[in-house]
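Note sheet for the following structure.
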Amino acid sequence: MFSPPSKTKWKPLAFAGIALLFIGAGWLFWLGGFSQIGSQDFLPHGSDFLWNKDLLTLHVVSDTVIFIAYLSIAATLALLGYRERRKMPLGWLIVAFVLFIVVCALTHVMDIVVLWTPLYWLAGDIKLMTAVASVVTAVALPFFLSDVRSLLDAALLSRQNERRFLAASNSSQDAFYILESVRDGQGIIRNFRFVFVNPNGAKLMSARSGGALEGQMLFHKLPKAVSAELLEAYRQVVERGEPTEQEFLVDTPEVQATWLHQKVVKLDDGIAITATNISARKEDELKLARLAKFTQSIIASSPFATIVTDLEGTIRSMNPAAERMLWYEKTDLVGRTSPLVLLDEQAVMMRAAQLTDELRETVEPGIGVLMAKPLKGLIDESEWKFIRKDGSQFDAQLTVSAMTDQTGVISGLILTAYDITERKRTEDYISHLAHHDALTGLPTRTLFHDRLGVALARAARNRRKVALLMVDLDHFKKVNDLYGHHVGDELLIQVAKRLQGSVRGYDTVARMGGDEFVVLLDDLLHVEQAEAIAEKLITALHAPVLLGTQSLLPAASIGICLYPDSGETAEALLKNADAAMYQMKSEGRNGYQTFTDDMASASTRKRQLEAGLNHALTLNEMELVYQPQISLKSGRVTGVEALLRWRSGKLGLVAPNEFIPLAEESGMIVPIGEWVLKTACREGRALQLEMGRALTIAVNISPRQFQQDALPKTVRETLEENELDPASLELEITENILVSDSPKAMTILEKVRSLGVRVAIDDFGTGFSSMSYIMRFRVDRLKIDQSFVRDMAVNEDSLAVTSAVIALAAGLHITVVAEGVESEAHRDLLASKGCDEAQGYFYSAPVPIERMRELIRGLEVSIESLAGGLGGVGDGLVLD
């Protein structure tokens, strides 16, 4: 290890010594011996040399050189043997060989000496010693050849190993150093000197090459803070011979900030260091540490309860949120128990059964219910009943996932939970809203159908009956029209309470929509039980209801349908109960009717009408006909009333009294009414232009239309589009719109009236008539209902009502129009009472607009002829 520096020390000295010996010998011979050669005083004992001086010189110089060379070789071997005595095998052989060389050197010296001094015996003895040594060497040498060969092989192997070592160290990614101890005078190690440095070692120390570092002191390259610690560690390795490993940071001008992992082993009186740059690993560890710290801070501040367990299920940590949620302290759970103490035992067993089915492998109740999915790389999310420290329970959403170490091996579980009590309450509330009516709190259609399905299945098993009672309030629409929807809503609430209070606790009362309710009666034996409950409902509903200052007397029509007698499916039962209810309405209302087979056709008819109405406008099935209005004073036609007809492609011509109530009920009356208004104005304006004079176009407006904010705008735009004088348009409304005192309806009526449009009260006398409202809204015309006109010739009450209306209107300067004039007697009686105008089949049935011009002219000519005494007015005037 240390031979290279030793060679550099003694090799120059050896050559210098040899040179000095040659120079000294030559100088001595020149001064002493050679100066006397050939003189009379010089007489060498060797006679052979007398005749030739040059020959003598040759022998003397050669022997001298040989002597000096032998001594140099002996000195070199002796010095080498001494220095390498600890490592050199067969050291005694080297000593013997040195002595042999010295003896050989002495023989040559004696050859020179005897030239001047006759010491032949001494020279002979020395030659004898040389001979003996030569013989011994020659004889012994073969016995040591194997040892010598081993030494040569070892030297060769050493050179090979050295080359291999250099190749390995030069190609290694690690830094490799060999250092020798530097001791003070007391033998204490004070530093270490570089002996060998591989390329990566040089690079790490910011050196050009390993050779640039060889011979330099290690701790001159390292900071003092590191040097003191490393010096002691290295010293212990040299003195004790025990390897050591360390990690440390080096940051010097020569060495950039670098984390190193070093392994140090003893090598002779020094050390060998293998150093690996672990800066990248340290950076990763630092990042992981920061991430772990960040994660811990997040978990600690998280509002979600977080619990960490090991693979045995023992709780190892829990965050403050878990303590708050569970009312436990960490010391109660950490290291003591598993999360199973927090879970309901029955829920654990149920979860084990669920996971067994889901994973198709047996999951035993216990910690396995939490580990089953995470151990398969899955995340387990489920709802649990958690148990607090005081034993109280609450709902929580639990997520369980696997926790892995840096190598990806599962080391435990992470349980994250949060309290979902409020969410469950909200879900229950939302579910209640979804299945219960917001106004009355009764079950809706969805929940009712669920309960009906259960009831039918139970009745089929037990061979019992189930009854459906379809309940529809009578004249509820008028309540909304008269008193407003807020009163109608209050009435529905009271009706719902009365219905619930009149049935058994396990029966179901549901609101199907609007003013329609349905009662589900379960576990019946015969129809009489259902009819008895229906009578009870009728009685309960018909009691007065005080809503604010209004006292109402509700009534209802009830249809009864029985399972399995009148239907075996929910759809059939509902359909038949609805048919029975409408049958009751047609028979006078305020009662109940049990379904019979002949009611099915009426129910089917209603459904057909409802389905057809939805497409009547798009299929152009709606049409208008017009009936003239005649002045009883002049006989001239003053206007026409637009009347709606529905000519269905599937149902044929449908009577207005059959489809208009359905249109009102479904809301289709709004688009239909808008179509009537626009069509009547367009065709009426064309009739005015054709006749060359002003004619009133009367259009009926439904109560629902008066709930539409867009009605005034629609009227104005229609007038503008058709260039129709607003005074030519007459909107006919019912008395109920006026007396309802609905702020919205009144506002809309005022806006319409402000356009200059005339307003007429249709069917006057059949509703809640109030002259104050008529005066308040400046009504232009009153139309006496045809029921009074038809009976006034034979009924004194009808005549009295008709006469009173005409007189009151005259006093208020309001035009009166009598509807339903069907005979000459009707006309004459109305004329005698002062009625202004008349309308009815006596003059004409409703006709299409195309026939109206001819009809008007014919009527006016006929009436003029009658006025001239040309005959009576009869059926011949009726043009259809």
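Here, residue 1 is simply the first one shown, and the rest follow in order.
Each residue, glycine too, has its Cβ placed from N, Cα and C.
Per TrEMBL, the features are as follows:
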- 12-35: transmembrane segment (TRANSMEM)
- 55-80: transmembrane segment (TRANSMEM)
- 92-116: transmembrane segment (TRANSMEM)
- 291-366: domain 'PAS' (DOMAIN)
- 380-432: domain 'PAC' (DOMAIN)
- 464-597: domain 'GGDEF' (DOMAIN)
- 606-860: domain 'EAL' (DOMAIN)
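Against the domain 'EAL' (606-860), stretch 464-597 shows more Cβ pairs under 8 Å than any other of 291-366, 380-432, 464-597. Mean pLDDT for the domain 'PAS' (291-366) in this predicted model: 86. For the transmembrane segment (92-116), same-chain residues at least 6 beyond its ends with a Cβ under 8 Å from one of its own Cβ atoms are 33, 44-46, 49, 56, 59-60, 63-64, 66-67, 70-71, 73-74, 77-78, 80-81, 122-123, 126-127, 129-130, 133-134, 137, 144. Shown for the domain 'PAS' (291-366): DSSP residue counts in helix, strand and coil, namely 41 helix, 11 strand, 24 coil.
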